[in-house]
């Protein structure tokens, strides 16, 4: 028979018994009175059972590849369960094949990438899009892997995975119970709040209807003690179709060890309680709550595990089961108290729960008021921006109109509404009696001294120097010949 290492490893460390079981199934014959011979056994595909852990997929894939290494399987088969929980098995990772190690490295990188994506998505939801994300700091919260080395799967990663999964699954049932308690208190809170909205007559009718539903729900056949002889015989007779007088514990175990690995796991145990639960709950009845049915199933399974699973490996072996069937509690059990006989919460817990709800409602109202103020401020700013936008558009349109218009300027400049006449051009006739204005150069007489003989005169200079023997204008005296010439470039005052 193939080794049961995978089954033991998963259920002891991470409760994934039916997920990766490689053991052989024990099919049942048609008359369900005996188990077929070993040579007639056939292989069934493993069932996929979700552990409820947020890293369930990563966990499955790691175990799936470790299973493929022969050396690791042999070490696991010979390792004590306590040693597995303490992390001694993780050291054997150094001896697995290169192919398996490479695949484990790839799985870890994918898991780190998934966690980073979740961190980024959470940040976006919380409105921190512009904030820098310290992934290394945030990855610390995920204890099942070594975040300081996001690239390779090492011994520490396997050790963390085993310890984290064991711890998380030990707390899983407790968390489920707390979640159910909150569910029940919220249901009661909503019922009380509904009563406040009714008048006196309406409240009276609603209370009568509530009590009637409670009474109908409690009116059911006797529920057998889970795991007792009476309870198992009922399954033997109604589910298996066998004579209760022929009840045999070993045959019963083989019949309901559905994957034939020699253990009852949690799912296989819970399946045994279906007939008892059907006595209490009917999905078509108004008074029956299916959430409560699943909580009842969990309570039954926990009770049997606590009574029968002596080594606390979250499995019930054939030996443990046979020992339990010889105890007095199996033959003469106490009555089983159902949920309606055991309220999930106390009145004090209910009061504290409602106080928290009131506080949460006040906080939400305050946040809603703050958001409304922010909205109004944003609307006011938007109105200002729209007004500025309109003004800017109007200014641009005005400039565009000025560019497109071709305005002819008036003749002459306008001063105080009166036009200043333009100066007449050279070709325009002068009015009678008006003398032409000489050029600016003619306003100031230009006095030039004789230059020494032999010095050339430029045409420009010759144009302004009077010629020799040319008559002077009235009131001007000629310069005596004996007078000293002024230096070139300077003028002599008259």
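Glycine too: its Cβ is placed from the backbone N, Cα and C atoms.
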Out of 153-190, 191-228, 229-266, let me know the one TrEMBL marks region 'Disordered'. 191-228
Count up the helix, strand and coil residues in the region 'Disordered' (191-228) according to DSSP, in that order. 25 helix, 0 strand, 13 coil
I'd like the per-state residue tally for the compositional bias 'Basic and acidic residues' (353-382) from DSSP, helix first, then strand, then coil. 30 helix, 0 strand, 0 coil
